[in-house]
């Protein structure tokens with residue numbers, strides 16, 4: 001028998017990786033079982049978008065492996081990806097709806113008891129109708145969704161809320177991870193998502209990581225970065241972070257900086273480029289405008305907070321005024337290497353070495369960033385400022401030169417951003433505040449004019465505040481564990497969920513912290529149990545077919561959304577004057593208006609893929625995934641967000657939009673690569689009316705909360721390689737749980753010694769908002785500098801978000817999980 005290279009990779013990659021990690025061999029490395037059907041899928045975890053091969057036997061996923069035909073991961077998976085087959089089969093998987101009850105009826109303080117789906121939707125409909133009939137009813141219902149929703153789940157939810165209930169109180173958990181990236185793109189370019197792609201990795205000369213531990217959070221991309229660094233002569237890697245982590249092992253220019261001073265470092269780089277006369281004058285003259293951003297914008301806290309007082313531009317944080325290049329030059333001139341070195345704690349020679357990488361016109365640079373930038377009280381600013389650097393040099397929109405925002409969730413791009421499940425967005429970068437955009441959406445959705453509410457809904461952090469204040473009363477959480485992952489859960493999150501005025505529904509496959517705080521839990525189908533689509537960080541849309549049997553364990557989010565819509569007649573949710581504009585809708589349900597509208601329901605069951613069980617199609621009598629996708633795609637076709645026909649994605653390993661005439665786009669905004677840039681235009685940032693990107697003058701600003709004599713340490717939160725987000729899936733995989741069973745507090749040995757602590761001691765970590773008990777680790781993979789501690793958030797037994805502050809970027813409304821003040825003492 002002979003093995004092809006592809007077969008060799010399939011046979012050896014999994015056991016080799018498991019052995020290297022010291023874990024038990026995954027199922028795929030065991031002797032092959034008979035009658036296993038293999039098909040392509042997409043990894044359930046981060047935003048890299050790795051393709052996997054999924055093995056199914058008797059309706060159960062029994063094995064997965066990296067897909068050798070994938071252009072993203074090329075046959076590899078990270079350690080989480082190799083155990084994907086086990087995430088759906090935890091012993092505590094939920095199978096029936098559960099309602100808090102006492103004496104046979106709902107009671108907010110009752111115990112969870114199983115009920116039927118009809119009973120669940122009946123009480124949900126009762127609670128929603130009770131709120132919607134109030135004069136301000138549209139503000140009293142809300143939903144918190146997910147960057148883990150499939151594309152059509154997010155789209156269906158957006159239609160239900162923004163069109164059906166006429167409420168924009170829909171926001172995704174991507175608000176906590178990607179909102180600053182979105183705001184940064186929109187402010188600088190007028191259009192969202194990266195202009196480059198992963199192919200940049202193999203064509204660049206230097207990598208700069210800003211607040212990104214790619215070695216653990218995006219390990220497959222890191223393997224490609226490592227390969228480039230080790231095989232391309234002269235290739236350099238710079239890593240900037242507030243603490244040392246595994247990505248530092250490859251760093252030629254390692255930099256640990258004081259929290260929040262990345263703002264100053266970015267301005268120093270611009271100053272260096274201009275002072276050395278290294279900037280690309282021709283590019284700037286043709287393709288850039290300069291803007292002075294508003295300052296004194298606050299910290300996104302409650303208006304009564306002391307930090308929100310006397311903030312002149314808190315109401316208009318996105319404001320920007322024109323300025324000249326010379327004015328920008330003068331603005332950044334104060335950020336000298338001496339000043340920034342003192343402020344940031346980074347030696348001057350390292351700052352200069354970093355600036356030289358960007359300033360050398362012969363060196364192609366890829367800048368990667370993720371939560372260290374985005375989860376920041378000035379998250380939009382730092383996104384704008386990294387674009388400043390690339391735009392000054394013209395190092396953008398071409399192979400190997402790319403500012404690249406990495407994504408944390410599998411479809412934060414494809415669902416949250418592109419579909420527009422944020423409280424202010426519609427599909428294809430449209431927004432609810434724009435009259436023309438609302439008209440387009442109403443036309444696409446076949447709705448009467450004036451249906452969509454022009455008022456922005458409650459964003460994620462505001463939703464918790466409104467729940468606590470009793471102003472948001474019927475609330476549905478789907479595909480996310482927000483009680484564990486949202487900030488300041490003691491003061492804002494938990495009180496809101498348990499407010500007697502509120503009815504909280506959580507759809508989840510497992511009894512998470514969030515589910516256990518709810519009033520009603522709906523069991524959901526997971527991953528390969530349903531037909532799905534994700535969009536990854538490089539604009540790649542990928543599909544998969546339904547492989548497992550979901551109906552016996554739970555119902556998909558899509559089915560739940562569409563089925564719930566049947567409980568509402570138009571007369572119960574729309575005012576009479578709106579119905580009068582389209583009287584033929586009178587008497588119809590929201591299901592008929594939104595999903596059986598002649599567009600979503602136009603694809604019959606005969607178009608389903610043979611050999612796959614589609615529970616939603618069986619339930620509704622048509623192919624809803626195809627209908628929803630094609631209706632959604634109509635928003636972006638011809639508007640630089642073009643998606644290919646539905647069938648194309650089931651055949652391909654994903655396509656990067658815009659897809660025009662069957663061809664995907666690798667680099668946007670540059671002639672020869674982007675079909676929306678005409679011959680002779682060279683570079684065109686067509687998201688802006690004049691085709692020019694914006695460079696912003698934005699200053700250093702201190703953090704919302706810093707260490708003081710009472711709380712003397714910075715706290716930063718984040719993840720580890722073996723677990724993903726809140727651990728609700730990975731902690732149910734025995735091998736992953738065994739490898740890292742609990743979170744620890746990473747601490748500098750000197751900080752431990754000052755407190756008479758030793759490695760492994762049990763400690764109490766306290767902030768002004770709460771406290772947790774954990775163990776300290778002074779010898780681990782993460783090595784904080786003195787004065788800072790780091791703790792992951794995957795462990796539900798140690799809820800680190802009891803400690804965090806709910807400060808946000810005032811522009812993006814994204815939470816800063818990286819900076820608050822704590823004290824540590826022996827427990």
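Every residue, even glycine, has its Cβ placed from backbone N, Cα and C.
What Swiss-Prot says about this protein:
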type    : residues                                                                                          : note
SIGNAL  : 1-34                                                                                              : signal peptide
DOMAIN  : 36-92                                                                                             : domain '4Fe-4S Mo/W bis-MGD-type'
BINDING : 43, 46, 50, 78                                                                                    : [4Fe-4S] cluster binding site
BINDING : 80, 148, 173, 177, 210-217, 241-245, 260-262, 371, 375, 481, 507-508, 530, 557, 717-726, 801, 818 : Mo-bis(molybdopterin guanine dinucleotide) binding site
BINDING : 793                                                                                               : substrate binding site
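When the binding-site residues 80, 530, 725 are scored by other C-beta atoms within 10 Å, 530 scores highest.
Across the binding-site residues listed here (50, 78), the residue whose Cβ sits among the most other Cβ atoms within 10 Å is 50. Look at residue 244 (Mo-bis(molybdopterin guanine dinucleotide) binding site): DSSP puts it in a strand. Sequence-distant contacts of residue 244 (Mo-bis(molybdopterin guanine dinucleotide) binding site), defined by Cβ-Cβ distance under 8 angstroms and a gap of at least six in the same chain, are 254, 256, 782, 783, 784, 785.
Long-range C-beta contacts of residue 216 (Mo-bis(molybdopterin guanine dinucleotide) binding site), restricted to its own chain and to partners at least six residues apart, with a cutoff below 8 Å, comprise 245, 246, 247, 719, 720, 721, 781. Using CA atoms as reference points, the binding-site residues 211, 371, 530, 725, 793 were checked against residue 78 ([4Fe-4S] cluster binding site), and the closest is 725. The Cβ neighbour count for residue 43 ([4Fe-4S] cluster binding site), using a 10 Å radius and every protein chain shown, is 28. Mean model confidence of the domain '4Fe-4S Mo/W bis-MGD-type' (36-92) amounts to 96 (pLDDT, 0 to 100 scale). Put simply, residue 80 (Mo-bis(molybdopterin guanine dinucleotide) binding site) is 9 Å from residue 43 ([4Fe-4S] cluster binding site) when counted between their Cα atoms.
In this structure the alpha carbons, written CA, of residue 50 ([4Fe-4S] cluster binding site) and residue 80 (Mo-bis(molybdopterin guanine dinucleotide) binding site) are 11 Å apart. When the alpha carbons of residue 80 (Mo-bis(molybdopterin guanine dinucleotide) binding site) and residue 46 ([4Fe-4S] cluster binding site) are compared, the span between them is 10 angstrom. Across the domain '4Fe-4S Mo/W bis-MGD-type' (36-92), the DSSP tally of helix, strand and coil residues reads 6 helix, 20 strand, 31 coil.
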